[in-house]
Every structure is written in C-alpha cells, then in structure tokens.
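Okay, structure first, notes after.
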C-alpha cells in the first residue's frame with residue numbers, strides 16, 4: 001500500500017458555520033472535552049452579523065424601545081446642565097467657560113497628528129510579513145512567529161518611548177497610547193489568523209500531493225485506489241478548503257493591500273476573512289453621528305473643566321480623600337457615560353458607516369451587569385472578543401491551560417495593560433488601577449453567591465456601587481497628581 005504521510009497526522013476539524021474554529025483538534029490529553037466545548041462556544045461568539053447598536057436612535061424609534069423616553073430625558077438634562085454651567089460661569093467670570101482644558105487639548109496637535117500617521121503606517125509591516133509568508137519566503141511556524149513577536153514588541157516599545165520623549169499633556173498621551181494598543185491588537189489578530197490559515201494552506205497542498213501520489217501509484221501498480229484512504233483524503237481536502245474559505249473569499253486571495261486597509265478602518269480588533277457589510281454609506285446617518293460626537297464632546301469638556309479639575313486643583317492640601325470622592329462621584333459618573341457614548345456610539349458607528357461595517361454590536365447592556373466580569377464582557381466588546389480569541393482560547397489550545405487558569409491569565413493581562421496606560425500618562429508606577437482591578441476578583445466571587453444569583457438586582461447594586469465609587473477614587477489617586485504637575489509646568 002502507498003504510504004500517505006499526512007494521514008498519520010491529526011485530522012482537521014471544521015464547522016462551516018463556525019469560522020473561528022481553525023485549529024487542529026487534539027486527539028489526546030485530559031483537556032480534550034473541555035477544549036472542544038470551549039471552541040464550540042467561542043465559535044458561536046465570533047459570528048459577525050448585521051445588527052444595530054443599542055442606542056441607535058432610528059432603531060430605537062422604529063422598534064418602539066420602551067426606554068427611549070429615558071434616553072431623551074438624559075440628553076435634555078445634560079442640555080440644562082450645560083446651560084446652567086454657562087450662565088453661572090458668565091455671571092462669575094464674564095465668560096461662558098474656561099479655556100484651561102482647551103489650552104491642554106490644543107497643545108502640540110501637529111506633532112500628535114504626524115506621530116499618529118506614522119503609527120498607522122507602521123501597521124502595514126504586518127501586511128508585508130503575511131505577504132512574505134504567502135510567497136513562502138519563510139513559514140509561519142518558527143521563523144514567522146519569531147518575526148511577528150519581534151515586530152509587535154518593537155511596535156509597542158517604540159510607541160511608548162516616543163510618547164514619553166514627546167512629553168505631551170495627558171490628553172494627547174492617552175489618545176496616542178490607546179491608539180497604539182488598539183493597533184497592536186489589530187496587527188496581532190491579522191498576523192495570527194492569517195498565519196493559522198497559511199498552515200492550513202500548506203497542509204492542503206500536502207494533501208493534494210498525497211492524492212496525486214495515490215492516483216499515480218494505483219496506475220503504476222494497475223490496482224484500484226484503496227477506497228478508505230481515497231475517501232479520507234477527499235474529506236480532509238474538503239475540510240481544509242472549507243477552513244480557508246468564507247463566503248466568496250479564500251486564503252491567500254485575501255492578503256491584499258485593499259483588504260488590509262479595509263480591516264484597519266473596520267471598528268473591530270479581530271480579523272476575519274469577511275464581515276457583513278451594508279449596501280451603502282448613509283450621509284445623513286454619518287452627519288447625525290458627527291453632530292452627536294460634537295455635542296457629547298462639549299458636555300464632556302464642560303464636565304471635566306468645571307466639575308472635576310477644580311476639585312482636584314483646589315483641594316490639594318489637607319483635604320479628606322472621602323470628601324473628594326463624594327465631590328467627584330457624580331462628575332466622574334457623567335464623564336464615564338459620556339466617554340463611553342463618544343467611543344462606542346459615535347466613533348465606532350462613524351467608522352462602521354464609512355467602511356460599511358454592518359455589525360454595530362460594540363457593546364451590550366453592561367448597565368444591567370450583576371458582576372464585574374459580566375461588565376467586562378459587555379461594555380467593550382471589541383477588546384473582549386480580542387482577549388477571548390487570542391488570549392483565552394489560545395492559552396487553552398496552545399498551552400493546555402484549564403478554563404479557570406485561562407480566565408485568570410486573561411484578567412491579569414487586561415489589568416497589566418490598563419496599568420501600563422496609567423504609568424505612561426502619569427510617569428509614575430503606582431499600581432492603583434491594577435490593585436482595584438484585582439480587587440474585582442473577590443467581588444466577582446461575591447456576585448456568584450446563591451443569594452446574589454437569586455436576586456440579580458442585588459448584584460447590579462453591588463456593581464454600580466463599586467463603579468461609582470471606584471472611578472472617583474482613581475481620580476483622586478491619579479488625576480490630582482497630573483493636574484498639580486501640569487499647573488507647575
């Protein structure tokens with residue numbers, strides 16, 4: 001019988017409805033059952049489909065959302081808050097608002113813009129790496145992975161070094177570093193996903209050669225093909241082709257500049273061969289999101305300028321931390337909601353409309369969360385899906401970690417990245433945010449107690465109490481020092 005080398009290797013599993021499940025299935029090991037169930041769950045979680053965001057106004061009106069009146073009330077209240085602040089400030093100072101924060105925001109914008117363009121341009125190196133793999137200049141395994149990790153480490157290290165050297169104000173530094181981390185996630189997903197596909201492509205080519213050898217050997221020996229081996233080869237070739245294809249796009253045809261540029265514009269951090277798309281760009285919808293961005297940004301500016309900075313600036317010496325937290329609870333809560341709305345409703349939807357990206361599920365109903373892990377899953381879905389695919393699942397499949405260990409690893413990495421941002425912004429290593437995030441672990445445990453599970457409102461109360469008190473506490477620990485140092489410059 002003709003020897004078919006690949007048939008001794010592990011069989012490729014592929015579910016055509018689950019585009020994420022591209023790893024070979026393990027046939028042995030004590031975590032087999034656990035890994036299979038996890039892959040099935042995550043494959044379902046990564047299905048992109050056309051859907052609107054929760055606060056999309058036309059959809060809320062069309063579907064008769066029961067809380068659309070409260071949504072309207074919130075913005076009316078914010079409008080009156082804006083009017084009250086302007087009139088009060090005009091009476092006291094003769095100006096409707098202060099220009100202190102504006103002077104910070106407008107500082108060194110040209111340098112920031114140029115630096116951000118370089119940051120974006122550097123992401124195209126990931127396209128070059130993947131193109132080199134397609135041309136077989138080197139393979140994904142070993143050399144490809146080493147190059148990938150060197151590139152990603154250099155990208156982040158240079159971005160951090162540049163931000164520290166430029167010594168921008170905290171607003172510009174925050175924007176630049178967060179954009180660098182988002183780009184890092186994008187390029188990691190792009191290289192990793194296409195790298196896995198390249199391995200499957202090599203296996204597909206190997207299977208085709210095995211099939212040709214089988215046919216050639218049967219002709220030379222004047223004997224029929226072994227039906228079992230022939231059928232197994234056909235099945236595995238079809239499985240491999242399915243793994244490399246989604247809709248009408250097949251690897252390596254997706255590795256093009258156009259495809260990579262579209263991926264950069266898409267408001268997602270996980271790469272797929274194809275995404276659901278809208279038929280056209282709606283100019284009026286885009287104008288609405290731009291208008292919403294402008295209005296919300298003005299509200300955020302006024303809140304920070306008149307409600308947060310004065311408390312941090314004028315309550316430096318001999319001021320109780322508890323008193324400052326009480327003074328900052330409401331402003332920080334409003335600022336948190338406004339930042340959330342700007343990023344996930346205005347910016348993400350704006351880029352989605354420009355790129356015709358149809359899946360607008362950038363967040364779920366995080367305000368109903370009963371635990372902080374539920375909040376982490378729901379309030380920032382792009383980051384959650386990245387961690388789910390490239391940290392949680394990979395740690396289980398590649399390093400054979402248990403579900404529990406993979407969860408802790410994901411949580412630890414997320415906490416370290418958050419603290420890294422704060423270290424760069426404040427230029428100090430304090431670990432305040434890291435410790436508060438680690439403190440969420442016992443809160444998560446508490447949220448899973450039977451009494452909390454029986455009464456979800458109790459868990460939601462604990463969640464909101466932790467959020468509204470934790471934000472101003474971080475403000476006292478971090479932001480006050482930044483404001484003081486800014487004033488001293």
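Each residue, glycine too, has its Cβ placed from N, Cα and C.
Whatever TrEMBL says is automated annotation, not expert-curated.
Look at TrEMBL and you will find 418 tagged as active site. Marked as transmembrane segment by TrEMBL: 70-90, 110-130, 142-164, 170-187, 290-309, 321-344, 431-447, 459-478.
Counted within 10 Å of its Cβ, the other Cβ atoms near residue 418 (active site) come to 15, all protein chains included. Through the fold, the transmembrane segment (70-90) approaches residues 55, 60, 96-98, 298-299, 302, 306, 334 of its own chain, all at least 6 residues removed from its boundaries and within a Cβ separation under 8 Å. At the 8 Å Cβ threshold, with sequence separation of at least 6, the transmembrane segment (321-344) comes into contact with the transmembrane segment (459-478) through 3 or more pairs.
Listed as Cβ neighbours of the transmembrane segment (170-187) (distance under 8 Å, sequence separation of 6 or more from its ends, same chain) are residues 104-105, 107-109, 112, 115-116, 119-120, 122-123, 125-126, 151-152, 155-156, 159-160, 162-163, 263-264, 269, 271, 383, 386, 390, 417, 421, 424-426, 482, 486. Here the transmembrane segment (110-130) has long-range neighbours at 144, 147-148, 151, 155, 159, 162, 166, 168, 172, 175-176, 179-180, 183, 186-187, 190-191, 194-195, 198, 255, 257, 260, 264, meaning same-chain residues at least 6 beyond its ends whose C-beta is under 8 angstroms from one of its own.
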